[in-house]
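According to TrEMBL, the feature repeat 'WD' maps to 95-128, 182-224, 241-282, 330-361.
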Amino acid sequence: MLNFLSCRENGTLDPLALVRAETTRRTFSLELSKEQDVKRIHASGANSLDLDPAESRYLLSGGADGVIAVYDTHNLSGTPSSTAEAVCTVGRSHRHVHKYSVETVRWYPHDTGLFTSSSMDKTLKVWDTNALLPAEVFQFEGTVYSHAMSPVAKKHCLIAVATMTSIVTLCDLKSGSSTHILKGHRAAVKCARWSPRNPYLLATGSQDNKVLLWDVRSAKSSLMSLDQHNGELATSTAAVNTAHNGHVNGLCFTPEGLHLLSFGTDHRLRLWDTATGRNTLVNYGKICNDSKKSVQFTVSRGSSPDVVFVPDDSSIAMFDVFGGTSLHRLVGHYNYVQCCVFNPDTQELYSGGSDSNILVWVPDL
C-alpha cells in the first residue's frame, strides 16, 4: 500500500493502478459471507437475480413459485451482521402475480422506478415499483424463457423477448406494442442479451445450437451466425455453423462489449469476438450444464484479469475470461445454481439456486 501511494505521488504509477489492484484482490478472494445473508422468500428455486444499475443497492429476484421480491442489500444496522430484508414482494396472494414460474427479472436500466418480469405463463410484465402494479402486460404464444433491455440505449426502449417459438419479439415500452420480430432461429430461443457498447446489437441463443447477432434496425436477417469452427471444415455436418454442440441457454457480454460469452448444454463455455464473430478458442474445460432453462452468469468489472462466474452444478466456477484458467470454486448451495449477479461497487456476488437460497459472497478482508 505504501509503495503504491509513493509511486502515485512521484507520478510513476497510473492513479487507477491501486484501484485495479484492490479490485482484483477483492474479486479473487470471494468467500461465502458469515455475517451477511438474504431473507428466504421463495418457496422453491430462485431462477433469476438482478442488481439495480443506478445504486447497486436493490436486489431483484424471481422464483419458480411465481413470486418476485426486492431486497435492500445495504447494511444499515450499524453491526457487521445483517440480513437483507425484502422491501416489497409480489406474493402468491397478489392479484397480479405470475401464475407460473418467473424465469427472468430485470431492472429498468436507468432507475429503480420500473422493473420487468417474464414467466412460464407466457407473459412479460412491466412493473411500477412504487405502486407494485403492472404498468404494461405483453402476451405471447409460447413460454417466455428470457428477456433483456439495452443498458446503453437512449433512442429506443426495446425489450428483446426469447420464447418457446423460434421468433425473437421486440416489445416497445414507449408504445406498449410489439414493434417487430426477428426470424432466424429454427427452434426455441432460450436467451437474449444486448451489447453494453452498441445499443442496437443483440445476441440470441437457441435450442438449434446457434448464437445469432442482430442489428435490430434491420430485422430482415441476422448480422451473423457464430461458428465454433471459424468456417473450417467440421467433423460432422450437424456441427457446421453452430456455436455449440448442444442447446445455447446462457449469454453474457464482457463489460466493454468487445467479446461475448456463450454457455451450452454441451457443457462448454465459449468466448467470441463480437466484431468478427470468431471463436477465440479459449478452453475453459467442462462445465456442467444440464439446465432446460436460461442460465444467468456474469463477468466481474474492474479486475485484471476479468473473471467470469458460471453456475457449475451446485457450485460457481471462476475462470480467467481471456486465459481460460480455473481460478476458484464457490461452494455453498445444496442444489443447482441457477443465476448469479456481480456488484461492481463492492466486488460482492449474489447467487440463487434450486435450493431456494440466495447467497452472498464477499471478499476475504
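Counting starts with 1 at the first residue shown.
Glycine is treated like the rest: Cβ placed from N, Cα and C.
Remember, predicted model here, so these are calculated numbers, not experimental data.
For the repeat 'WD' (330-361), DSSP puts the residue distribution at 0 helix, 19 strand, 13 coil. The average pLDDT the prediction assigns to the repeat 'WD' (182-224) is 95. Each residue of the repeat 'WD' (95-128) gets a DSSP state, and the totals for helix, strand and coil are 0 helix, 18 strand, 16 coil.
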